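Residues or ranges marked as Zn(2+) binding site by TrEMBL: His386, His388, His654, Asp701. For His388, Lys457, Phe458, Asn459, Leu460, Lys461, Tyr462, Glu657, Asp702, Pro703, Leu704, Gln705, the entry in TrEMBL reads substrate binding site. Look at TrEMBL and you will find 59-68 tagged as compositional bias 'Basic residues'. Per TrEMBL, the feature transmembrane segment maps to 6-26.
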Amino acid sequence: MDTSTVHLAMAALVGASLVAVSAYYMHRKTLNQLLEFAKTVEREREDISEGEESPQPQHSKKRRGQHFRWKGNGYYRRGSASLPDVTVISGGFDGEEKRNGPVNVDGIPPGLPRLHTLPEAKRSGSLIRPTSPKSPSASAFESIEGSDDEDNITDSSKLDITYLHTNGNAGPNLPDHINANGEAMQIAASSMIRSHSIAGDLHGVQPDPIAADILRKEPEQETFARLKISPSEVPLPDEVEVYVVLQECLEMRKRYVFKEAVAPWEKEVISDPSTPKPNPDPFFYAPEGNSDHYFEMQDGVIHVYDNKDTRRELFPVADATTFFTDLHHILRVIAAGNIRTLCFHRLNLLEQKFNLHLMLNADREFLAQKSAPHRDFYNVRKVDTHVHHSACMNQKHLLRFIKSKLRKEPDEVVIFRDGTYLTLKEVFESLDLTGYDLNVDLLDVHADKSTFHRFDKFNLKYNPCGQSRLREIFLKQDNLIQGRFLGELTKEVFSDLAASKYQMAEYRISIYGRKQSEWDQLASWIVNNDLYSENVVWLIQIPRLYNVYKEMGIVTSFQNILDNIFIPLFEVTVDPDSHPQLHVFLKQVVGLDLVDDESKPERRPTKHMPTPDQWTNVFNPAFSYYAYYCYANLYTLNKLRESKGMTTIKFRPHSGEYLYYLAQIGLAMSPLSNNSLFLDYHRNPFPMFFLRGLNVSLSTDDPLQIHLTKEPLVEEYSIAASVWKLSACDLCEIARNSVYQSGFSHALKSHWIGKEYYKRGPNGNEIQRTNVPHIRLEFRDRIWREEMQLVYLGKAIIPEEVEK
């Protein structure tokens with residue numbers, strides 16, 4: 001054996017000896033510490049048994065200068081010289097803030113705030129540690145004797161009398177239910193919705209005592225930890241000026257928003273929100289006769305009079321000069337540095353408040369969701385609030401449909417090209433393709449890297465196999481076969497939605513404004529193909545393509561487009577017999593949208609813009625120019641339709657963040673679509689908007705180009721949940737937002753999310769229908785009310801019903 005080998009062996013032996021000696025002394029030191037701790041615990045127990053009042057255990061080590069002190073009602077408060085005191089208050093939904101014992105709000109929060117309670121006999125001599133109710137393998141309470149985890153040690157003599165789990169017994173040894181006042185009361189056997197049988201457990205494992213009771217009959221009675229920041233926020237003089245400006249902006253918005261004279265819930269009182277009966281004949285038309293109303297177009301806006309002789313204007317609307325003046329005021333507000341700074345600060349504070357709420361209440365929200373029988377994310381109603389009809393199917397569905405038609409109807413004459421009528425088979429022969437050749441890759445309708453920041457290339461993805469003739473045949477309703485293929489494909493999509501039962505959609509379909517007959521053609525296509533579903537409503541989208549039509553010679557001025565879009569709508573409203581199919585179709589239309597590439601830079605409109613009949617140049621008007629004339633005409637149209645008892649149409653264009661929060665304006669966001677077009681997924685503002693409490697929902701936009709599965713809306717939710725770590729409660733809250741934002745009827749919303757869905761906060765929630773805990777909605781509502789009172793300097797008047 002050489003010398004080097006001996007040296008290495010000796011070095012290894014010495015090193016191992018040193019490690020062993022060190023481990024021995026460390027183990028001995030640990031045992032001594034545990035013995036000292038056990039002695040301390042034993043002395044405290046002896047003190048308790050002698051009836052002495054036991055103070056809060058004082059530990060020798062304090063964490064980084066933080067200190068805790070007892071308050072009169074027995075809760076912790078963290079003191080700091082530089083930060084306001086943050087108090088955690090536990091309470092229900094009766095508006096009474098009860099201070100319910102110690103809750104740890106230091107930098108390392110425990111799994112649950114310590115609000116568990118034991119009967120008096122059990123509170124005299126044992127220490128407990130609450131475990132997360134999410135853990136299926138551990139009981140709700142575990143002994144911590146011998147533990148060195150200081151953060152999880154609580155003296156049982158100081159435990160609060162508020163019972164966290166208002167759902168039955170807290171453990172196997174607790175025969176009585178303890179109410180919020182600390183009084184014991186017997187639980188009737190009939191009150192238990194579900195129970196466990198130990199004898200029936202094949203594995204011999206005792207079931208979780210919480211899981212035995214989590215389904216309770218009254219999930220509304222959850223308790224939770226509330227946040228109260230003290231001292232109360234008092235705005236500085238500079239902030240007061242900002243808040244006054246924000247008040248003006250909010251009041252300005254109220255002047256423009258169309259508000260129905262009688263709210264839907266007042267027109268139709270829902271006493272039994274059971275499943276509404278489907279309409280047996282949605283396209284039935286009964287002659288109604290015309291009214292005496294007279295209307296005429298003036299400077300791009302239609303004015304309505306009671307009759308042609310008196311010419312008394314009925315529904316005046318703000319003129320263009322006033323609108324653009326107010327728009328410039330809003331633009332100046334959002335550009336002001338002090339306003340941007342304050343709004344940024346308030347929005348960040350909202351985000352942090354929500355994060356703290358989750359730290360304290362996430363487990364309770366999860367328990368509340370468990371308590372709602374039958375409901376989970378998959379069977380709560382969710383609405384796809386932004387999806388274009390021509391891309392409503394996925395690429396595999398379109399491929400199967402094309403192959404099916406090529407196999408079953410090859411001799412159908414489908415198109416007229418180059419002076420010749422072509423059958424479907426001849427079209428594919430001209431492309432040198434057969435049904436066997438077709439696959440998803442050859443179809444090439446899916447967005448890829450080439451479409452990022454290239455809206456023109458994205459639009460080309462609507463052409464199957466890159467051929468505009470295939471788009472005309474399969475994805476257009478105004479073609480040689482009168483849109484029969486698209487109608488059949490739409491029915492298949494409707495069938496998929498009906499099979500899913502809990503997914504709904506608002507399909508956007510285009511009116512271009514090239515000619516007035518477009519409305520009748522669209523209505524005829526809907527009625528003749530019997531395109532109706534209880535899961536679907538329609539929105540009309542207006543592409544901003546004036547410059548294209550001007551260059552093609554289709555229109556001479558912007559006024560032509562406004563005439564083609566709005567005159568038929570006023571005609572059918574005054575006299576339904578003039579357009580009977582359009583009259584029936586408009587009952588299913590809930591909104592009007594403007595679509596185009598919003599990333600294009602635009603010149604800011606001036607206060608005195610040319611009128612539409614003066615706009616004869618080849619340049620496309622700015623978005624705000626389109627928006628005003630669509631808004632003004634739609635406002636007048638809705639007032640007229642409302643006066644005649646007809647359905648109204650909301651203005652919901654493509655798209656100040658703080659104003660969106662305060663006004664709770666609904667935002668439909670499509671992160672996957674944006675990821676393919678404009679914005680990487682991880683940079684999407686959706687999670688930030690959601691945390692801050694904006695009224696956001698998820699939508700698919702273009703399943704044909706974006707999604708891969710049969711359920712694109714669930715795919716959208718699934719990816720968002722995975723990437724942004726959204727909880728089941730978050731997903732259900734977003735789904736509830738989507739139903740509320742949508743244009744579905746009052747009766748359907750009452751059935752889907754609760755008969756009093758229009759009320760603010762938890763009063764408008766039914767967890768049995770939405771699976772959203774009252775805890776979440778109470779938090780959202782209370783924080784929003786506090787913010788509104790701050791903006792209105794304590795003088796905000798907030799109605800209990802949401803403005804609609």
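Note that Cβ sites are derived from N, Cα and C of the backbone, with glycine treated the same way.
Keep in mind it's a predicted model, so treat the numbers as computed, not measured.
The Cβ of Tyr462 (substrate binding site) has 18 neighbouring Cβ atoms from other residues within 10 Å, across all protein chains displayed. If you check the binding-site residues Phe458, Leu460, Tyr462, Leu704 against His386 (Zn(2+) binding site), none has a Cα inside 10 Å of its Cα.
Summary: among the binding-site residues (Leu460, Leu704), the fewest other C-beta atoms within 10 A of the C-beta are counted at Leu460. Counting in whole angstrom, Asp702 (substrate binding site) lies 6 from His388 (Zn(2+) binding site) by their C-alpha atoms. Each residue in Val387, Arg508, Asp593, Val595, Ala668, Ser670, Ser673, Ser699, Asp702 lies on the same chain as His386, His388, His654, Asp701 and has a C-beta within 8 Å of the C-beta centroid of that Zn(2+) site, without being one of the site residues. Here the Cβ of Phe458 (substrate binding site) has 21 other Cβ atoms within 10 Å, regardless of which shown protein chain they belong to. A sphere of 10 angstroms centred on the C-beta of Asp701 (Zn(2+) binding site) encloses 24 other C-beta atoms.
Within 10 Å of its Cβ, the residue among the binding-site residues His386, His388, His654 with the fewest other Cβ atoms is His654. The separation of Leu704 (substrate binding site) from His388 (Zn(2+) binding site), Cα to Cα, is 10 Å.
Rounded to the nearest whole angstrom, the C-alpha distance between Phe458 (substrate binding site) and Asp701 (Zn(2+) binding site) is 13. Between the CA atoms of His654 (Zn(2+) binding site) and Leu460 (substrate binding site) there is a gap of 21 Å, rounded to the nearest whole number. Neighbours of Asp702 (substrate binding site), defined as other CB atoms within 10 A of its CB across all chains, total 25.
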